[in-house]
Amino acid sequence: MTMEVHQVVPPPHKSTLQKLKARLKETFFPDDPLRQFKGQPLKRKLILGAQYVFPILQWGPKYNLKLFKSDLVSGLTIASLAIPQGISYAKLASLPPIVGLYSSFVPPLVYAVLGSSKDLAVGPVSIASLVLGSMLRQEVSPTAEPVLFLQLAFTSTLFAGLFQASLGILRLGFIIDFLSKAILIGFMAGAAIIVSLQQLKSLLGITHFSNQMGLVPVMSSVFHNIHEWSWQTILMGICFLMLLLLARHVSIRKPKLFWVSAGAPLASVIISTLLVFAIKAQNHGISVIGKLQQGINPPSWNMLLLHGSHLGLVMKTGIITGILSLTEGIAVGRTFAALRNYKVDGNKEMMAIGFMNVVGSFTSCYVTTGAFSRSAVNNNAGAKTAVSNVVMSVTVMVTLLFLMPLFQYTPNVVLGAIIVTAVIGLIDVPAACNIWRIDKFDFLVMLVAFLGVLFISVQGGLALAVGLSTFKILLQITRPKTVMLGKIPGTDIYRNLHQYKEAVRIPGFLILSIEAPINFANITYLNERTLRWIEEEEDSIKEQPSLRFLILEMSAVSAIDTSGISLFKELKTTLENKGLVLVNPLSEVIEKLKKADEANDFIRVDNLFLTVGEAVASLSSAMKGQSSTITEGLHTIVSCN
């Protein structure tokens, strides 16, 4: 039975401008955000445009008392967590504790207007606080030059916000995709351990402690200052740490009791503050926060340093903390959006978080984003809209205006215990085991990020892991996979011989599948690997017919450049009397090959097929026809003689 052969046709003609427009659209607008404006009257377009920029205009008109009741409960709940965490994370960043509360007041208000997530609870986070503090401390001491350090923190926040907002406006969010899941799991686990070890200063009552973030200097500082250990501080630290961990365990085991872990930090602060005040514990070796400034955020635009010797430092710090906080915020937002079956626009979130940090840098705030712990509490508490952030912000404002004197006697050891309890959840052992089971190279990347953070530095570990991931991508580009195909008996299906053991080779044919785009970076490898396939095939042939055709299955070759075209010219020359056949070249590939092959050396009708089955059937039929013609010729010569 003769198989019908379908012709490979080039794509419809497009001008260079049309191609450029299509490519830019696919690169920067894969979600086609402008489609909602098509066919709409001008007034409707203006409304849709305003709703796109300010998502609050979408749900705001439908807001009602029932929704507010849910948001009020969730807002008060996350405020009870945000207040102690804000103070704690500011200390982690080597900033005055009051800055942590400032950062829990203004940014949530900005996000409520610009953000698209219903569950994201914004404020300071542990990782960004750690990185900001450690990078700035490399050049400026927060104790020797506190004002300069604060100026650098605000300026870094400005650059972080500008970088984040520009990624959203220019739709360059794919840049943060270089932080793969494996990198983030390893990085966060390492950072969580470093953050926890840093809290030994507060938990043990040590006065002189290392400013470095590596495991070795931190542990060295702990054991070289044993004489500074305070048993009173250690006792209080153990008690409150056990209380917080127990509350966390209860909420994990019974999610309906989420309020236990949410309220535990504030309860710990209140109880410890009352205890210290009652027994005058500050006179017995337990350090306290001290007097905090009362009032809402003072303006800080006059503190921004946009010139001078530290400009490079704040730009670098801003970009790194911006990427980390953006990655965490978007990941958290998408996680809860998937749970509640709604969509979060990544580019909108970048702009919202970016503008939130820009405004924050003008109002005495440092880098903020959506925190997983607060967002989880917000979700469990039943938040319906971003109004929960507004409620949290108002609660923090009331605290700043009227309740700051109450924190004067809050012990630092309790803040250390709160941080340890918060970051312990960043160590995801099951996810690490899952990565080991699925992809060993990803596990290596994760391990590099983890050990790099522990033994080198936070930014050093991150850079190493990103470098290793980039190397993996380059390796995949420069060493694309090629496999030999065989026929599944009884069908016209051709599959990988190594994967499908029942597949068989076709005598006289070498069928290879190239599974990557062909470009300047991999043509040398592809040429050498293909020639090796040919040599191995010819060496294995004994009594079978000699190799007649090389068939390249190109369904996975999505793109080709001018250097890649030279691969086919070189193969055609090398193959000599063997035929080169291309199967299912995609639109961009066939278009470029036809333009490059003006002499029709390898892009002819008899060299192009839609499927491997059609190619083998057609070429086998041609070979049989040639063979019968030769046989008839020989018979004629013999009979004449």
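Each Cβ is built from the backbone N, Cα and C atoms, and glycine gets one as well.
TrEMBL labels come from automatic prediction, so no person has curated them.
Here is what TrEMBL records for this protein:
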- 95-113: transmembrane segment (TRANSMEM)
- 148-170: transmembrane segment (TRANSMEM)
- 182-200: transmembrane segment (TRANSMEM)
- 229-246: transmembrane segment (TRANSMEM)
- 258-279: transmembrane segment (TRANSMEM)
- 385-407: transmembrane segment (TRANSMEM)
- 413-436: transmembrane segment (TRANSMEM)
- 443-468: transmembrane segment (TRANSMEM)
- 499-619: domain 'STAS' (DOMAIN)
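The transmembrane segment (148-170) and the transmembrane segment (182-200) are not in contact, since fewer than 3 Cβ pairs between them lie under 8 Å (pairs 6 or more apart in sequence). Each of 229-246, 258-279, 413-436, 443-468 was scored by its Cβ pairs under 8 Å to the transmembrane segment (385-407), and the highest score goes to 258-279.
Among the stretches 95-113, 258-279, 413-436, 443-468, the one making the largest number of Cβ pairs under 8 Å with the transmembrane segment (229-246) is 413-436. Listed as Cβ neighbours of the transmembrane segment (95-113) (distance under 8 Å, sequence separation of 6 or more from its ends, same chain) are residues 54, 56, 82-83, 85-89, 120-124, 133, 142, 146, 149-150, 153, 289, 292-293, 296-297, 352-353, 355-357, 359-360, 363-366, 368, 386-387, 389-390, 392-393, 396-397, 399-400, 404, 407, 415.
A Cβ distance under 8 Å defines the sequence-distant neighbours of the transmembrane segment (413-436), meaning residues of its chain 6+ beyond its ends; these are 84-85, 87-89, 91-92, 97, 126-127, 181-182, 185-186, 188-189, 191-193, 195-196, 199-203, 205, 233, 236-237, 240-241, 244-245, 248, 264-265, 268-269, 272, 286-287, 289, 372-373, 442-443, 446. DSSP states for the domain 'STAS' (499-619), grouped as helix (H, G, I), strand (E, B) and coil, give 53 helix, 21 strand, 47 coil.
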